[in-house]
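Contents: one structure, followed by commentary.
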Amino acid sequence: MSYTLPSLPYAYDALEPHFDKQTMEIHHTKHHQTYVNNANAALENLPEFADLPVEELITKLDQVPADKKTVLRNNAGGHANHSLFWKGLKKGTTLQGDLKAAIERDFGSVDNFKAEFEKAAATRFGSGWAWLVLKGDKLAVVSTANQDSPLMGEAISGASGFPILGLDVWEHAYYLKFQNRRPDYIKEFWNVVNWDEAAARFAAKK
């Protein structure tokens with residue numbers, strides 16, 4: 001089995017004016033495709049790992065051959081992270097129900113959560129991701145470098161937990177529209193969070 005680039009469940013311009021069409025198309029067809037291609041190349045002679053779903057593979061990086069660990073950390077990580085990212089974007093959904101209640105419980109308020117998430121995204125130096133994760137029965141905000149995922153665990157990524165939603169803060173995710181204004185990009189994210197997808201991920205793990 002080889003990994004394939006997932007189709008987006010919306011058109012490239014569906015998130016306008018918040019996320020622009022050109023960035024979405026390049027991000028999906030060029031950047032994400034490259035992670036898929038590189039992960040597949042690294043797995044060519046590793047059948048015991050090539051058949052794993054990518055979300056499972058990145059939890060087992062300590063088991064892959066040493067000469068493949070970094071390339072799979074970066075590229076299988078990139079494939080997993082972007083696959084989650086695309087599903088987590090949609091205009092017009094509302095934070096409600098059990099996930100909203102859990103956010104209010106664990107952060108004090110939705111506004112407090114957003115402020116903590118924005119800080120994690122804005123202060124991640126260089127390239128990386130900000131995440132809302134479920135750790136046990138508690139929600140937390142974490143960030144990771146490069147294409148690391150909380151699913152990789154603390155020893156590899158410095159973070160842990162099951163991702164509920166994630167935000168890509170690599171410059172390729174926003175530079176065409178926002179240039180160096182990462183905080184503006186982060187603010188626009190709230191207009192396109194797919195809270196239905198986040199709620200489904202939360203419900204599946206709580």
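Yeah, the Cβs are placed from backbone N, Cα and C, and that goes for glycine too.
According to Swiss-Prot, the Mn(2+) binding site annotation covers His27, His82, Asp168, His172, on the basis of similarity to another entry.
Note on the binding-site residues His82, His172: the fewest other CB atoms within 10 A surround the CB of His172. In the three-state DSSP reading, Asp168 (Mn(2+) binding site) counts as strand. Taking the Cβ of Asp168 (Mn(2+) binding site) as reference, residues of its chain lying under 8 Å away and at least six apart in sequence are, in sequence order, His27, Asn81, His82, Phe85, Trp129.
With a 10 A radius on its CB, His27 (Mn(2+) binding site) counts 22 other CB atoms from all the protein chains.
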